[in-house]
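Going by Swiss-Prot, these are the annotated features:
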ACT_SITE  D67  active site, proton acceptor
ACT_SITE  N136  active site, for ring-opening step
ACT_SITE  H138  active site, proton acceptor
ACT_SITE  E143  active site, for ring-opening step
Amino acid sequence: MQIVILKDSAEVAEYGANLIINQLKRKPDSVLGLATGSTPVSLYQRLVAANQAGAVSFEGVTSFNLDEYLGLEGSHPQSYRYFMDSQLFDAIDINKANTHVPPGDAEDPIAACEAYEAQIQAAGGIDIQLLGIGRNGHIGFNEPSSGLMSRTRVKTLTQATIEDNARFFAEGEYQPHLSITMGIGTILDAKKVLLLATGESKADAIRAAVEGALSAACPASALQLHRDAVLVIDEAAASKLADKEFYRHIEAENQLLQARLAALKAGE
């Protein structure tokens, strides 16, 4: 696990956006795993700006979103398909036919989950998976007690997650309690994982994910198993890490190493 601690949410978004942009420059036909919620919005704004400035293209990109509410059509303003269209897809040069969000209105949700897994595999797997983290350590809609090798499936949301997401729904509006989500095993299959977290409300979850035991009680702790997981967090989200100064030291040494390697490559 690479732990990157930055000053604030703006720096976190900038770092994450640059990582994705560099991925697309290396591999223009990358397969991106994308996330919703408040955390990635600033990152998406930076991707839109870079695309509109001609700094990066999404023409060859295929994308798969982590999750979707079960029971909402893609045209519903609170659906994650609507979120992705309005926050990113409609503003960049991506082929919308190559953007995938689990179908919240599927007649047969079980079959839809199996088909989603097959689509990811047919695309060659996910090159970089973007994640947020819930206060209870959930990633996607993999709530505590989720199997660490689980695949895309229907999940019941915890009351804590329902309450966290209630701010996105109008008073009295129907709020789903079920979702379709990539499983933890599906997420771990990605070649690289990028998790962003900001704010003191995420500090306990970050501590459990990074320094706690590998446990289904904190789904994000499964990232300890990943060969290339990068956690980019601000000072507030890092505030409860016992070894945060050590993580800063490791990252500083890593940056020096990368600079040396770049200099050697430039001198070839």
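Heads up, the Cβ atoms here are built off N, Cα and C, so glycines get one too.
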E143 (active site, for ring-opening step) and D67 (active site, proton acceptor), distance between Cα atoms, whole Å: 12
Tertiary neighbours of N136 (active site, for ring-opening step) (same chain, Cβ under 8 Å, six or more apart): E143, P144, T158, A160, T161, A205, C218
